[in-house]
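Working notes, structure below.
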């Protein structure tokens, strides 16, 4: 209601420039009651919808669905860079297209802020990928990084978390394109041939600081204020309660991504009871969650010792490679053959960085990027730097779900590769297919909750009966 029905910024008699001075709800940014949600591009899209079709919801929903389709296409295209042209790319795209956690962002019209931010998020990332592939060989490379910066700014103007794409771009450059391990980053500083890498990272950092500084200045250099019911943990007097609860909430969000069985449009008030003591059994979930993330990140950054890379493929036990291909006898690569291949290509004048473009990233590289996509865009919602106006918001998981879908895909690929028997390979493939089908069915069922206001509120009773 506040974002569209009663928002004066959508009306034709209101000067369109007001969009850039008001928040998402049409309140002046410097006003004490403003939520400081500065999303002028999303509000502008609502205004265009209003100009074309008035208050008829059909046009608003159509735009949301088209945006989700565009995001899915871009995400699938980005997955091709990581997985190649085989069916792993299709699996990643289908997981993202069908995931039930996206229902709130797509079926709820105001969720367009997350979809639009994700669209420009991916456009920025793809521009930076182009910058990496043309760096040092084409003058257009700086045009691509300029495009990446502009798209990152547009993503932030759709929703605040869009600026995090700059950090994801840096992770891609370091760990995927250059394939550096954690211990190799510092020594790489001393190598002159890596100066272009760190110059690009410096540009990303500077642009990110500039965007954040301008946004903070534009919102009056004041953090937003929310009611107690929006985020009860933030209002708690106990430091222990705030800490334990805020540590637990990311665990709950991950569970919603993994098993989206119980979904709700409203997780405020006591929908997630506060953790007030160390003895609360839910703390075990937090410990397992952070321990798992740290172990996954550690082994990925360190790299695996029982795998060897050959011509862009990871050969495992001499039988399989991590790109999901079976190494049959006629295409099996031996170390000497690969070395001679490299030698002949170098003699023909092909540069090493050009050969890298033909190689697919290793499993560890993809895991690092996936974890970054899962964690970094979610950081603004963790209450780590400032309090937010919600306990859990499913729409906030729209961008991080890309990292989750990549993690599931690379995990399925690893299981498929390690399986020695055809029966086990078929089991992995069929299980993944079943997961996509069940996600899609859950999405269809969940869309029914958004048909009208009564059904929406009835669907939330299980999670938030008081509200």
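Cβ coordinates come from backbone N, Cα and C, glycine included.
It is 423-441, from the ranges 347-365, 423-441, that TrEMBL records as transmembrane segment. Beyond the ends of the transmembrane segment (396-416), by six or more residues, the same chain brings 75, 79, 82-83, 88, 91-92, 95-96, 99, 101-102, 105, 111, 114-115, 117-118, 121, 161-162, 164, 253-254, 256-258, 322-324, 363, 366-367, 369-375, 377-378, 381, 390, 425, 428-429, 432, 435 to within a C-beta distance below 8 angstroms of the stretch. Long-range Cβ contacts of the transmembrane segment (194-218) within its own chain (Cβ-Cβ under 8 Å, at least 6 residues beyond either end) map to 29, 38, 128, 131-132, 135-136, 145, 148-149, 152-153, 156, 160, 163, 166-167, 169-170, 173-174, 178, 188. Sequence-distant contacts of the transmembrane segment (58-75), counting only residues of its own chain at least 6 positions beyond either end whose CB sits under 8 Å from a CB of the stretch, comprise 4, 45-46, 49, 52, 92-93, 96-97, 102, 105-107, 109, 111-112, 115-116, 118-119, 122-123, 126, 402, 405.
Here the transmembrane segment (366-390) has long-range neighbours at 35, 82-83, 121, 160-161, 164-165, 167-168, 171-172, 175-176, 223-224, 226, 230-231, 233-234, 246, 249-250, 253, 267-268, 293, 296-297, 300-301, 396-397, 399-400, 402-404, 406-407, 410, meaning same-chain residues at least 6 beyond its ends whose C-beta is under 8 angstroms from one of its own. Same-chain residues lying 6 or more positions outside the transmembrane segment (284-301) and placing a CB less than 8 Å from one of its CB atoms are 175, 181-182, 244, 247-248, 250-251, 254, 364-365, 367-368, 371, 375. For the domain 'DUF1736' (221-293), the mean pLDDT of the prediction comes to 85.
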